[in-house]
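A.B. asks: The structure is given below, and queries will be raised subsequently.
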Amino acid sequence: MANWYRPNYPEVRSRVLGLPEKVRACLFDLDGVLTDTASLHTKAWKAMFDAYLAERAERTGEKFVPFDPAADYHTYVDGKKREDGVRSFLSSRAIEIPDGSPDDPGAAETVYGLGNRKNDMLHKLLRDDGAQVFDGSRRYLEAVTAAGLGVAVVSSSANTRDVLATTGLDRFVQQRVDGVTLREEHIAGKPAPDSFLRAAELLGVTPDAAAVFEDALSGVAAGRAGNFAVVVGINRTGRAAQAAQLRRHGADVVVTDLAELL
């Protein structure tokens, strides 16, 4: 089990879950935490941005600098709503385009258009490759469910419902706050804590009785900003630098797999 480095936590309620006694609900991000779809998102973001940047370079004469699937993904788009990810990355390249509207086609040179182009690419990857569940995450969900804790999935992806259904994870989940929810209820995306706060509200618990599980820097920052009982950072890369970044952004503990908490 992972070592907690905060000395003032109450007695751990169960060696099975590795959580403080006061925790009554678990709020999980989806991509990279429960499912191995983060790699598909990375591929889709890179394919979309590289195509757009190449088109733009040919049109304007600017130098083509491709999207970095490691540095750019984690810094600018991971864990954010699609439109926020598009704005964040383009801003890093000093590129400004109109927002457009949510129903813009993928060919439109707008924030929403590029976001929809990325989503189309993601759907193709999901059809071709499918979404895989991390074995350790499935085992942890089973243990959380057996312990009687509430479970919510909190994701910026608008595809969350479909992924949960196709992977069978929906049987563990009582509440879902995703990209569709954020749009319909006008909830701010991560790193704002609003989506996690909404999930806790739906489960009927206060933030100090809920644990947040995140692999994205924006996600752990959201968990810390919401004053949740504990924020668990998942470092699938295994790199010390990424673990340090997760802690710096608000993770109380960092693991490479949820099974380490069992």
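Even glycines carry a Cβ here, placed using N, Cα and C.
Bear in mind that the values here come from a model prediction, so they are computed numbers and not experimental data.
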A.B. asks: According to Swiss-Prot, Gly79, Arg82, Ser157, Asn159 bind beta-D-glucose 6-phosphate; so which of Asp31, Asp36, Asp120, Asp194 is the extra one listed there?
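C.D. replies: For beta-D-glucose 6-phosphate, Swiss-Prot names Gly79, Arg82, Ser157, Asn159; of Asp31, Asp36, Asp120, Asp194, the listed one is Asp31.
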A.B. asks: Can you match one of Asp178, Asp208, Asp215 to the Mg(2+) site that Swiss-Prot gives for Asp29, Asp31?
C.D. replies: Asp215
A.B. asks: Going by DSSP, give the three-state secondary structure for Asp215 (Mg(2+) binding site).
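C.D. replies: Looking at the DSSP assignment, Asp215 (Mg(2+) binding site) belongs to neither helix nor strand, so coil.
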A.B. asks: Please list residues from the chain of Ser157 (beta-D-glucose 6-phosphate binding site) whose Cβ is under 8 angstroms from its Cβ, counting only those at least six apart in sequence.
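C.D. replies: Non-local contacts for Ser157 (beta-D-glucose 6-phosphate binding site): Leu30, Asp31, His41, Val163, Asp178, Gly179.
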A.B. asks: With an 8 Å cut-off on Cβ distance to the Asp31, Gly79, Arg82, Ser157, Asn159 Cβ center, who else from the chain surrounds the beta-D-glucose 6-phosphate site?
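C.D. replies: Surrounding the site, in chain order, are Leu30, His41, Lys81, Ser155, Ser156, Ala158, Thr160, Asp178, Gly179.
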